[in-house]
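Below is one structure, written out as structure tokens, with a few remarks after it.
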């Protein structure tokens, strides 16, 4: 911020006069090169009172005010080429001309056409005039008069546009506009800023028509009574909601003081006509995302927390829509409606069955990042929106120049591609076999092996990759595919005695006990005469019942061990609690029942101990009375 410019003077709805008078819109071409455009401002039309006796008509496009109701001149004027020409000039952004200038432009255009025709066309025109009659030429002129006039007007206007330097000399530069920058800001030049710095005002503050003339819109805002103007701000996300009706008229603020010390002077000046905040627990801590989004992605969870979050989402939606209904009188008259919603579902809260239409031109988003929805954040966002910002002037795009030799090198490389090494047939088989083992596709594996005539003890390729797992049985055992181990051994009759380069069989590579049980079950199914089981290192054969019994015994042992551990832990906890109590109030001592009550010092006991002692004394007294009565 420049030293001589105060932040409070940059409020767009009440710009300081010296700042406003210094502003100029900066125009850019598509390459972000600044283009100087000199245009004369259109004089404001003079509104004259209309009397009942005589009605006066005027043409703002031609700047003519001379038509009366009686002579009908205005009707012929609106049908004339002069009026149509000025209308087209206004649309193109050009100034209107008077009748004298119009006649001059028409004559110059016709003279230029005659010069371009040259001597070659003179012979053709002579022959045509000699062969045709005067009546024929006149009829042709009458028939083509309308089209020729329109073409002539368009030609003149296009020439005027080219002469205004609205387009850059480079054909790639495109149309010049202050909206060409890929920025949410409209940039304004000012002599109050140092070189290389410009003002910026957010485009979303303007209406669609007002954005075409930003300085005119800013001047209009300053002239209007902003106390009657207001906008609507909404933010929602993560279960937090904040909304406010903010007036365009600021309130007086003396600066940071008291509870408002965390707010800047500009934020203290923000006037909220209405404001409301909600919070509901809708998102798991450190997880992110709403419960509904999680349900759509992973299915509906049945935990207590998920149920609570679903309920809170519905409650938050109802709270917000109820607030929208209460604020409907404000929303219907608001200048702008700014909504910040992180997700589509959050945005639908404001648009589904509410007073806000999704096609409302006032509906806009915050063009910058916002924090958690709070009242403070609403004030900060409003200040960021409505105060001019000081920015670096946009720099032209840098065009990359590619050397002429570079494409030639790239094409030469493409013309001689390196031969790609195709995998061998064994490698292709290995890839497919491993894929089916990993997916536990036993039927497909059996079918593929038999169809292609592959040996069950086929060595996987490339050998450098499978030197630890040379066969399918080794691979299944080492990677924990117990079902495939049983299929390879029992069904396909793989050889369990084959070793890898380290001398280990498939049994030696078993990942856990369940894999070993598959080997032992296969040994039981195949019988002892199938192979030399000692060389395979596989343990004793086990049937399905024996494996189940072993699992049951192991489960019981684990449960017993767990119970013992739990009991030990409970005993340790009891001992620790007892030690903590003794350390806090002492070990205590046993009361002597024979001693009189007067000898017991009750002051040394806590309140609970005294109550317990009194209950015990009353119980003993009751027992003594019962014994006495029973003895009598």
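Just so you know, the numbers here start at 1 and follow the chain as drawn.
Here the Cβ of each residue, glycine as well, is placed from N, Cα and C on the backbone.
The structure displayed is predicted, hence computed values, not measured ones.
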TrEMBL annotation of region 'Disordered' - which of the ranges 544-576, 577-609 it falls on: 577-609
Looking at 326-361, 362-397, 398-433, 434-469, which one does TrEMBL call region 'Disordered'? 398-433
For the feature region 'Disordered' as recorded in TrEMBL, pick the matching range from 72-110, 111-149, 150-188. 111-149
Need the matching range: TrEMBL marks region 'Disordered' on one of 257-281, 282-306, 482-506, and I'd like to know which. 282-306
DSSP-derived helix, strand and coil totals, residue by residue, for the region 'Disordered' (282-306): 11 helix, 0 strand, 14 coil
Check each residue in the chain of residue 291 (active site) that is at least six apart in sequence and keep those whose C-beta is under 8 Å from its C-beta; list them in sequence order. 282, 283, 284, 306, 309, 310, 313
